[in-house]
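Here's the structure, in structure tokens; my notes come after.
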Amino acid sequence: MSARLAGRRVLLVIGGGIAAYKALELIRLIRKEGGAVRAVITAGGEKFVTPLSVQALCEDRVHTDLFSLTGESEMGHIQLSRSADLVVVAPASADLLAKMAAGMADDLATTLLLATDKEVLVAPAMNVRMWTHPATVANLETLLRRGVSVVGPEEGPMACGEFGPGRLAEPAAILEAIVARLDGERILAGRHVVVTSGPTHEPIDPVRYIANRSSGRQGHAIAAALARRGARVTLVSGPVALADPAGVAVVRVETALEMRAAVLAALPADAAVFCAAVADWRVEAQGRKIKKTGAPPALALVENPDILAEVSRLEGRRPRLVVGFAAETGDLVAQATAKRARKGCDWIVANDVGAGTGIMGGAENEVVLITEAGAEPWPRAGKDAVADRLAERISGIFQ
Ligand code: C5P
């Protein structure tokens, strides 16, 4: 299977028109190429395809309403408009093109088309007279001038019985237009990167375990950001409640020992990013459930292998770039600089996880990148943005 869109995210706006049914095939084709689709259907679009069928194909919630409270609290329309690498409008009706040209924002689709900072690709579909009407011609000229790109329409017999240009481009042609726009920045194409993410669970006995508060959000975001740049990513993840990032091979593990084995099995790699909060200790094997006996049990702890340090010192198989994380609760730069030397890695991404920072398990991160050149503080940002910046830096090494 080719995966020319692995890790790429498309926000698909489905406008009104009989051709809306072809959007379903388009979603299937994008996903077959490894891309993720988030869909928005206009009120007109909903007359031709149901949110349920779109949702089933996307495997993601479909958005229809600007003022949906749950929608706004889960993800605001501004965030939605920027949560993709490309916005595709298919079919783009004459009305939708007119609203885009005029900068109107009276529903979810038009609002996010006005709010987006991403490239927009439109696939018009309408009756031939509507397509050739001077109003539509002028609207399209305006949109092209603003950098919107167009695929189709094609010429042929139309649902309304007329013949001429106005038919929605075939889904395969729209797919190629999407690939052409998203395939260019894949700086890490041909590179393999191993990423660890999440906590580890260390069993105390068959029912209990030791864990930590890591959510895996940062590591998963890094895996996704690397995949978007074309890398083949192996994500070795401890137990998390997150969806697998698009276009990433996920290996699920529970314990530090399993994580170590999975990382070593995934090598060789060009780069490795160790974001997991690996438990420092495991409990010596307990085959049976520990019973209450009156006195608390003494747990014998054994130190876990340090995967980052081990991979950093591998002879022959060491990835060219090894990146570790350092979660500290004080003296951040000094601690992380010492950790970089101790572990033998190239970079350390250090963050303060002290009480009140909301970083461990939260949506944002504030990090300092420690390299050979010194400490580089980055502004506080969403974990996705931090991941993008780190992926960009990693790409720089392999350019
Ligand atoms: O020493 P400390 O646990 O603070 O180091 C954190 C860094 O080391 C992280 O990059 C983490 O993923 C990695 N690590 C590891 N194996 C361990 C412990 C930490 O790979 N057993």
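Glycine is no exception: its Cβ is also placed from the backbone N, Cα and C atoms.
Here the structure is a predicted model, which means the values were calculated and not measured.
The active site, proton donor annotation in TrEMBL covers CYS160. Residues or ranges marked as CTP binding site in TrEMBL: ASP280, LYS289, PRO305, ASP306, ILE307, LEU308, PHE325, LYS339, LYS343. Annotation comment: TrEMBL describes 9-180 as domain 'Flavoprotein'. Annotated domain 'DNA/pantothenate metabolism flavoprotein C-terminal' per TrEMBL: 188-395, in sequence order. What TrEMBL records for 1-192 is region 'Phosphopantothenoylcysteine decarboxylase'. The region 'Phosphopantothenate--cysteine ligase' annotation in TrEMBL covers 193-399.
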Here the recorded positions are CYS160, ILE307; the one whose Cβ sees the most other Cβ atoms within 10 Å is ILE307
Here the Cα-Cα span from CYS160 (active site, proton donor) to PHE325 (CTP binding site), rounded to a whole number of angstrom, reaches 60
Averaging pLDDT over all residues of the domain 'Flavoprotein' (9-180) gives 89
Most Cβ neighbours within 10 Å, among the binding-site residues ASP280, PRO305, PHE325, LYS343, goes to PHE325
Sorting the recorded positions CYS160, ILE307, PHE325 by sequence and keeping only those with a Cβ under 6 Å from ligand 1 gives ILE307, PHE325
Largest C-alpha distance in Å for the CTP site residues ASP280, LYS289, PRO305, ASP306, ILE307, LEU308, PHE325, LYS339, LYS343, as a whole number, is 37
Simplified to three states, DSSP reports LYS343 (CTP binding site) as helix
PHE325 (CTP binding site), DSSP three-state class -> strand
